[in-house]
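As C-alpha cells, the structure follows; a few thoughts come after it.
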Amino acid sequence: MNAENQRQQTDEEKQPDIKDNKDKDQPEENKSSKTEPESSNQRKDEKKRSDNKPKRVKDKHPRQDSDEKKKDGFDKKKRKRSKKRRRDEPAKIIKKADPDVVPVIEPEPSQQQEIVEPEIDFSKQPSRDVPDQAIPQEGQKKKRKKGRKRQQATENQDDQKFFNKRISFKKKEVIEGAALYSEKKGRTKSRKSKGGQKKQVQKPQKTQITTPKAIKRRIKIYDAIILADLAKRMGIKASDLIKKLIEMGVMATVNQSLDYDTAVLVATEFNFEVEKASFEEDTVLEHSDDAPEDLKDRPPVVTIMGHVDHGKTSLLDAIRETRITASEAGGITQHIGAYNVQTERGQIVFLDTPGHEAFTSMRARGAQITDIVVLVVAADDGVMPQTVEAINHSKAANVPIIVAVNKIDKAGAEPDKVKRELSEHGLMPEDWGGDIIFSHVSAKNLEGIDELLEMILLQSEVMELKANPNKHARGHVVEAKIDSGRGAVATVLIQEGTLHKGDPIVCGVHSGKVRALINDRNKQVKSAGPSIPVEILGLTGVPMAGDELIAVADDKTAKQVSTHRSQKQRMIELAKSNRISLDNFFEKMQTQDVKSLNLIVKTDVHGSIDAINDSLSKLSSDEVKIEIVHSATGTITESDISLAAVSEAIVIGFNVRPSARVQDLANEENVDIRFYDIIYNLINDIKDAVVGMMESTFEDEVLGHAEVREIFSIPKIGVIAGCYVKTGKVERNQQARLLREGVVVYTGKVSSLKRFKEDAKEVTTGYECGIGIENFNDIKVGDIIECFHLKEIKPMIEETS
C-alpha cells in the first residue's frame, strides 16, 4: 500500500506540468474551444480583475505627468542597462552567406517530451501490488541531484570567466553564414587545432591563364586592330604580346595599331587563328542583276579631256551656248562640272575635267564614271604631255575615245599632224583604217559642233547604254563642297535607279537623307533618273570625289553602314600612321634634323584639296618635308588659326577668305595666311619657301697655281714666299692650299699679296709676287700654292613623280 500511495502522489505532482505543456503545444483555437465550458467562471474572474484595475485619472497635472514619464524612462534605462550583453562572451566573426545559396530553415524539433495519455484509466482499475522493479531507487534520485550540481558548476565557470576577462576576450567564435538564417549557431571553428598549433593560412594563389578551347582560339579582326584590343581578345598580357613583336623585329606600344598581316603573324605565335571580319555590306546593300525587260535607254555620259588651253571649256561653252570661260581663273577649269545638254536626238551629259597636270586624280575619277571620252587637241599645238596622260586614263578605264581637233580656223592649223601624232599613241583614225572617230571643230566660230554631237549619239547607240530606273539609286560623287548656307553639298551622277527626295542614302563614310535635289539649271526637282547629274543636300559630311552613293531602305541601315565604314577607315589610317618596324625606326632616329614646312590647306571644293596635295607632295626633298597638318573644305576658322599657332604652320586659302574676327586672331597669334585663286602661284611660292629652307652647297673653283722659289722671313709678319704664277691668277683674301709633292699640307687664306713692295689685288700668269699665308710659316722652296674660291650652288628641287 505504501508503494501504491507513493505512485499516486508522484502522478499528482506531474499532472499540472502536463496540462501546462498541453496548453503550450495547442493552438489558440483549441485553447478557446477548451475554455468554452468554463466561460461563466472566466467572466467572473475577468470582472474581478477589471474592478481591481486602477482607473486613469483624467484631471492630472501636466508636471506630474512629465515627472512620471521621466521616472518611467529612468526605469527603462535601468532595465536596458541590466539587459546588456555580458562582456565575457566571445567575439563573433560572422561569415557572410553565399547570396546564391538560400538556406532552407527547418523547424527545430520540440525539446519537450511528448506526453502520451494512457489508453486505460487506472483510476477505475482495482489496486494491485507494485513489483519491486517499479519502485524508484535511491541511485536515481542521486542522479537528479547530480544534474543540479552540474548546472551550478557551469554557473561557477561563468563567474570564473568574468574574472579572467583577458583570457576570454582572446577567444573568437566563428559562425557559419548559413546559421544566420536559422536558430542554430552551427559549428564553431577555433583558430587553434587540437594539438595547440595554429593552422597555416593558405596564401591566395595567382590566377593562372587557362588555355581556351579550340573554338575560342579563333578571333576575327578588321584590316587593323589596336595591340591592347588584340591582347584582350586573345586573353594574354599586352606585355607578352609586345615582347613577341620585338622578337619579330616590330617595335610597338600598347596603343599601337597593327595591320592585319602583323596581327596574323603574332597571333600564330600564340596558337591563335585569325579571320578577317567583314561587315556584310553585300547583304545589306544587295545589288541584284536586272531583268532585260526592266532595262531602258539612258543618256550617255561624256567626259571632255585634253591639254591646258586647248579649248575644252570653250568647246563645252559652245555646246551649251553659254559663256562661262571668263569666270575661270587663269583660264583653267578648276572645278569639275556636270551639265545636261538636250539635242534633237536625245540628251547628253557632259563632265568637264581640268586639263592642268595637277588635277590628275580628278581626271582619273572622271574617266571611271564616263561612257565616252572626247579628247580635245589643238590643231596648231598637237599632242602635249597632258594629252598623252588623258589617253592613258581612258585606255585604263576601257572607255571609247572620240577626238575633237579644235582651233581648225586658226592660222597654222595642221589636222593631219595631229592624226599622225595620235596614231603613234595607238589612236588610229577611221579614214586611215582605224576605229577612232575624228571630228574637226572650232569652238570660237561654232563650227562642227552638230557633227560632234551626232558622232557622240551614234557611238552611244552602238554601245547600247541601258539602266533600270525602278530600283534604289546608285551613283558616284563628281564633286563635293561645304556651302555656308546649305551645308554639305555633293554633285552626284546617278548611274542606275532613281533618287527621290527624302530617300536615306549612304555616300562613302557619310550618311543622311536627301533634303533637296538641284539640277544643273539650279532648279529643284523631285527625282533624278539614270545619267542625270544633280546636287544633293542632307549629308552628314563632305564625301570624297569618286565615292559611291547608294540609296537604302531606311535610316537605320544607312547609319549602320556609315558607322562601319568610318570605323574601318579609322583603323586603316591608324595602321598606316603608327606602323613602325625596326627599319624605319632607325631611319627616323637618323633623320631628326630634317626640316619640315607645315601647311594647313582650306579650299572651296574637295577636288582642289587632292590637286594641291598632289602638287605639294612633289616639292618635298630629303632636307625639307612638306607636312600638310590639316586640309578641308570651307572657310578659314578660329580652330584653323589655333592649330596653325600650335604646329607653326602656314594657312593656305584657295578661293576662300576668313572673317574679320579670324583675321584679327591670326594677327595676334602671328599666323601667316596666304590666299590664292590660281594654282601656279601657290606652287611657285611654296617652292621658293622650300628652297629658302634648304642649305646651299659650295664647290671649289680653282683660280690659279703659283710655284714657291724663294723664302723671305720678315720680322713681326712671318714667312713670305716668293712665287712665280704658272697658271691662272692669285687673288688676295681668297682660299689657298699648300701642296707639297702632291699632298695638301695646309689650307688657309691668302693674307698678303705683293708685287715688289706694293700691295696687289691679284697677280696673273707669268708674273712674280710675294704670297703670305695666314697662320702658317712652314713653307719650303718647291711647294705649290693653289688659289681657289668657294662657289655657292643654290639647291634645286627635283619634283618626284
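Yeah, the Cβs are placed from backbone N, Cα and C, and that goes for glycine too.
Those TrEMBL annotations? Automatic predictions, nothing curated.
Noted in TrEMBL for the protein shown:
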REGION    1-163  region 'Disordered'
COMPBIAS  9-54  compositional bias 'Basic and acidic residues'
COMPBIAS  62-75  compositional bias 'Basic and acidic residues'
COMPBIAS  76-86  compositional bias 'Basic residues'
COMPBIAS  87-99  compositional bias 'Basic and acidic residues'
COMPBIAS  100-109  compositional bias 'Low complexity'
COMPBIAS  141-151  compositional bias 'Basic residues'
REGION    180-210  region 'Disordered'
COMPBIAS  186-201  compositional bias 'Basic residues'
DOMAIN    297-466  domain 'Tr-type G'
REGION    300-448  region 'G-domain'
BINDING   306-313, 352-356, 406-409  GTP binding site
Cβ neighbour count (within 10 Å, all chains shown) around G306 (GTP binding site): 24
Secondary structure at K312 (GTP binding site), reduced by DSSP to three states: helix
Cβ atoms near I408 (GTP binding site) (within 10 Å, other residues, all chains): 19
Site of maximum Cβ density within 10 Å, from binding-site residues D309, K312: K312
